[in-house]
Amino acid sequence: SSDLQASSGTVQNLKVFPAILSERSSTKKISMRIHDNLMLNLEKSSVFSDKFQLITHTENSKITHHINASDVEHNLYHDTEKNAAIMITDDDDGLRVEGILGDTLRIRPSSVMERNAEGHVAHQLFEVPLRHPGGDDTVHVETRNASTSPRRPITPRSERSGTGSRLTVSPEVHVVIDRAHDKHFKLRSKLMEYLAIFMAAVNLKYRTMMYVDLQLIVTKVTVFHNISEPFITRSDHHPTVMLGETLWNFSTYVGRTEKDFKSDDMVVLLTGMDIGYVNTTTNKSYALGIAGLTNLGGACGLWTRGALVEDVPKTFSGVVTFAHECGHLLGIAHDGSPPQTYLKGNIGAKECPASQRYIMSPSMGITSISKFSYCSAQQLYTFVGDPSRDCLRNSPSRHSARVSLQRWNKTLVSPVELCKLEYPYRSILGYVEELDGATPALGMATCHVVCETTKDTKTAYLIINAPDGMPCDKTDSNKVCINKECVEFPTNITTLTKKPRDPKKSD
């Protein structure tokens, strides 16, 4: 994110009263008005595999639940065009919507119980910030010296027009959530709902991939609830920093803990900590800009399929990082890279300069594009087509629970809240819908969240890329940021399914 100096009025949290205009149970489609300028055409989403495992580690026990996806996904909806993913609850207390309306716009029920004349419940619309990986985030599996880098996308060659040449791949991902992330969710169901929307947003990024129809499938979720994680390396001097060495420890833990990880193609640690390094001589931290770390081409490898991804809980800041790091695991080098000789058939990404700012570019920023470059697609096509990557050969059933914008919105925080979560050490005065001083103007319409703050007593602005599902068009409530573009919320977003059971009760 960058500081941008300018002067402009601010917009506080927008109060809205969402209403369902029509509902077709046969097609599971819902038409919803968030406000006069934001209409959503929602479809049910699914992101989890039909049955998945939820493993919870507590101080004295490890509980494994076998969960039906439909329990988690029953009220998850999406609007593809608007890049929205929301959770809808409609009961005696009224309609409640929570989730993502585009890259940085979020909706959630207002903390103040309030209704309008029609009896609709008050909700907050708010913006959240964008984050970026920095430096070099891949480790050459042979050398193992962590290189950390930002991201950009790629595409395969040999694409033939028409159908038939597109490879379909459904990698099975095991998501591990650490205490630093889990502690921000009071209820396990809230964490699972956040993860459902999070993964729906990640899969929206993969829909931009040429040549390969790839969607990640979450088969297992492991949560470290109130017990320390055996693989995290910390610094005594910087307790919130997860040292880069953790990637090696985590990958080793995954390889050794066969019963939990045996069938996983990739295992991603979603952390609420800050990945970085500490100089052992000066005890100064550095490289805190790193948003993720992984092994290039590590998918399927017993000891190499781990990845670390930072996420500020409740903001979806780690969505692009998650897509980026999984891209690395699936053999995609940074845009602008030469051929990676130790990866069979890898042709590199020289034709796609990092400056184009696609997902696999090595750095993220407010000019980033939430799409994969054609060089990324080419490399992915080569990697998944390699017969030795046999873990990618099976065809597990894809997530089928549809996500409505309403459901998506339920998981989103307001823009102001997003600013505060992303910039905890800055005084946030408010959120600005459009920053005119910038060229081009930045704001809601460009899928940026503009946070107003002060710097040396002058007004300054912090810009965040809007999360998926954020509203972006005041005249059309159905338009949200999807992959950083202001579009109608897609009706075909899917996510994982089913509410985890109460760990105190047996399966």
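Just so you know, glycine gets a Cβ as well, placed from its N, Cα and C.
Keep in mind that this is a model prediction, so the values were computed, not measured.
Taken from TrEMBL, the feature compositional bias 'Basic and acidic residues' covers 133-143.
Per TrEMBL, region 'Disordered' is recorded for 133-167.
Summarising the annotation, TrEMBL assigns domain 'Peptidase M12B' to 169-396.
Among the features that TrEMBL reports, Zn(2+) binding site is placed at His324, His328, His334.
Positions annotated as active site by TrEMBL: Glu325. Neighbour count (other Cβ atoms within 10 Å of the Cβ, all protein chains): 29 for Glu325 (active site).
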Legend entry - Among His324, His328, His334, the one of these binding-site residues whose Cβ has the fewest neighbouring Cβ atoms within 10 Å: His328
Inset, instruction - Measure from the CA atom of His334 (Zn(2+) binding site) to the CA atom of Glu325 (active site) and give the result in Å, rounded to a whole number. - result: 10
